[in-house]
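Taken from TrEMBL as is:
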BINDING   Lys5, Phe6, Gly7, Gly8, Thr219, Asp220  ATP binding site
BINDING   Thr49, Glu120  substrate binding site
DOMAIN    390-456  domain 'ACT'
Amino acid sequence: MKITKFGGTSLADASQYRKVIDIISADAERQVIVTSAPGKRFPGDIKVTDLLIQYAQLTLAGAETAELADTIYERYETIGRAFQVEQAVLEDIHTIILDLVSITFHDSAELQHTFKAHGEILNALLFASCLNSVGIPARFVDPRELGIVAQERDHEVVLADETYRHLNQFNLGAQRIVVPGFYAYTPDNKIITFARGGSDITGSILAAGLHATMYENFTDVDAIFAANPQIIDNPAAIKLMTYREMRELSYAGFSVFNDEAIIPAIQGHIPINVKNTNHPDAPGTLIVSDSEYEARQLVTGIAASSRFAALYLHRYLLNKQAGFTLKILQILYKYGVSYEHMPSGIDDLTIIFDKSQLQPEIISHFLAEIKEEVCPDEMEWIDDYAIIMVVGEGMRNRVGIIENIINPLALHDIPVKMINQGASRISIMLGTDRADAANAIKYIYNRFFNNNYLEV
Ligand SMILES: Nc1ncnc2c1ncn2[C@@H]1O[C@H](COP(=O)(O)OP(=O)(O)O)[C@@H](O)[C@H]1O
Ligand SMILES: N[C@@H](CC(=O)OP(=O)(O)O)C(=O)O
């Protein structure tokens, strides 16, 4: 049995739905289908999840919502009509959307989670109806029935271990099931959404918990490429890679996967196949454990992400001062701020933060406290920090890689603000200005992929 997840672009309209139905009917093993909310149909279009976020905001502000509710409903209605689903199904969807504004929520967070999850809920309901209307028996199954439980801890949504016990007890039967991705239930039965892109997480949890033979993740590209296709024209496709490579690359910007998403699949030893809904016969990218992998090239992929900021601190004899870092960490802890990386030298320390996890209004407060508490000789907040990650199992134990990364950047006058090598033996991390990140990717990509400097 395979878990087959379809991203938002794969379910954006009726013609995409048709492709997805063909994909499902081509393989009886595709028994558990995970849906995202309808995504963008064309560049500039708005994902249903983003419409629902607006809908939640208008509701919280007590503003007029009728027009937006209609826009959301139309996305589902057009698809449903194309498949001649029963009128009652469309009416249900319409009512559910309209009724959201009348539900009493405990707080605004609960309202936002519930509104957001409805992109997936309604798409799964509609998709199950469409499958039935073309003669493929299928049943909508909510994460509550499966027992997917999660809760917020330190601003993170953490899956409860009992989820796997529940999934173990779930009787799948012979029918296909359609499960909405992106959300779970709290122990007190409230909807809680994962991070954006989190339908990938649901697919991965189900793959591990229901002991699938494969986790198929259908998206809108033929493969995971060695660099973002929006930066590099026609980048090399990655046919086979390891979980670890994927984790590092998705963390640093390969948005094809949510970076947390593959952890359950890794823990369950489930191979992942990323495939294209628009070219389902293309083999896509297979992601496996390192024991099933032999590196054939040095670098597998190069990613960049601009969602970072950095705090640079300089103080002479910093390496001799007991408790210097501890004081800083205590201040960060007090503000509930986690950091991503902390490269240090004898007199210098850089702390790198994920800006998407930082509330902008607290930055000036914790900076002031750090300044007062540790009295650095120099301190700078770098707000536009990008991280570039060069990743490959083939880099392990190989000498001379770093110069091939740095040289092309030096040749093009791109300053490197930080290098972090060694923490993971399969990756090298660089810090640059955000404005330089795309060019840095191009030059590093050229060195490794267009100069035959690839073989192990
Ligand atoms: N290295 C990469 N390889 C493939 N796609 C990438 C890469 N880096 C970024 N992407 C982007 O990820 C997109 C697919 O992810 P996403 O939009 O989340 O899809 P879905 O809606 O199917 O979940 C691609 O369209 C592509 O623009
Ligand atoms: N719909 C949610 C969750 C998701 O996974 O979407 P997608 O598969 O389109 O990335 C989002 O937009 O974040």
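Cβ coordinates come from backbone N, Cα and C, glycine included.
The structure, with features from TrEMBL marked on it.
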{"residue": "Lys5", "record": "ATP binding site", "contacts (Cβ under 8 Å, 6+ apart)": "Ile33, Val34, Thr35, Ser36, Gly181, Ser199, Asp200, Thr202, Gly203, Tyr215, Glu216, Asn217, Phe218"}
{"residue": "Phe6", "record": "ATP binding site", "contacts (Cβ under 8 Å, 6+ apart)": "Val20, Ile33, Val34, Thr35, Ser36, Phe218, Thr277"}
{"residue": "Gly7", "record": "ATP binding site", "contacts (Cβ under 8 Å, 6+ apart)": "Ser36, Gly39, Ser199, Asp200, Asn217, Phe218, Thr219, Asp220, Thr277"}
{"residue": "Gly8", "record": "ATP binding site", "contacts (Cβ under 8 Å, 6+ apart)": "Ser36, Ala37, Pro38, Gly39, Lys40, Lys47, Val48, Thr49, Ser199"}
{"residue": "Glu120", "record": "substrate binding site", "contacts (Cβ under 8 Å, 6+ apart)": "Thr35, Ser36, Ala37, Pro180, Gly181, Phe182, Tyr183, Ser199"}
Could you name the residues, excluding Lys5, Phe6, Gly7, Gly8, Thr219, Asp220, of the same chain that surround the ATP site, i.e. Cβ within 8 Å of the Cβ centre of those residues, in sequence order?
Thr9, Ser10, Leu11, Ser36, Gly39, Ser199, Asn217, Phe218, Thr277
Within the set Gly8, Thr219, Asp220, which binding-site residues show a CB-to-ligand 2 distance under 6 A?
Gly8
Other than its own, how many Cβ atoms are within 10 Å of the Cβ belonging to Thr219 (ATP binding site)?
25
Helix, strand or coil for Glu120 (substrate binding site)? Use DSSP.
helix
Cβ neighbour count within 10 Å of Thr49 (substrate binding site):
24
Let's see if you can do this one: DSSP helix, strand and coil counts over the domain 'ACT' (390-456), in that order.
30 helix, 14 strand, 23 coil
Sort Gly8 (ATP binding site) into helix, strand or coil using the DSSP assignment.
helix
Listed binding-site residues adjacent to ligand 1, that is, members of Phe6, Gly8, Thr219 whose C-beta is under 6 A away:
Gly8, Thr219
Maximum Cα-Cα separation (Å), residues Lys5, Phe6, Gly7, Gly8, Thr219, Asp220 listed as binding ATP:
12
